[in-house]
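What follows is a set of notes on a single structure, which appears directly below.
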Amino acid sequence: MASYYSGFLSCEEPHFLESCSLCRKHLGLNSDIFMYRGDKAFCSKECREEQIESDEAKERKWKNSSRSLRKKSSETKESVAGNTVRTGTLVVA
């Protein structure tokens with residue numbers, strides 16, 4: 001069965017507006033589509049919200065681990081010829 005969107009793509013991957021990015025439910029031509037970040041389509045507000053919450057949780061986890069790594073690197077001490085030298089690392093996101 002040919003897709004309505006197949007003319008827009010030359011590759012074999014389905015177009016992002018063909019199915020929900022979360023539950024993979026088919027998105028009909030006359031149905032509402034809920035967008036997120038410009039390239040993710042969802043069949044319902046609930047699926048969209050679930051993806052947003054998941055992305056926010058991943059971001060919080062990444063920030064916490066990044067903060068932890070910066071703290072550890074700034075607290076690292078090395079002994080060089082009897083002198084204590086504090087070393088630190090700058091992390092830029």
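A Cβ is built for glycine as well, from the same backbone N, Cα and C atoms used for every other residue.
Here's what TrEMBL has on this protein:
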| type | residues | note |
| --- | --- | --- |
| DOMAIN | 15-59 | domain 'FLZ-type' |
| ZN_FING | 15-59 | zinc finger |
| REGION | 58-93 | region 'Disordered' |
| COMPBIAS | 60-71 | compositional bias 'Basic residues' |
Helix, strand and coil totals (DSSP H, G, I; E, B; other) for the domain 'FLZ-type' (15-59): 15 helix, 8 strand, 22 coil
Per-residue pLDDT averaged over the domain 'FLZ-type' (15-59), given as an integer: 94
Tally of DSSP helical, extended and coil residues in the compositional bias 'Basic residues' (60-71): 12 helix, 0 strand, 0 coil
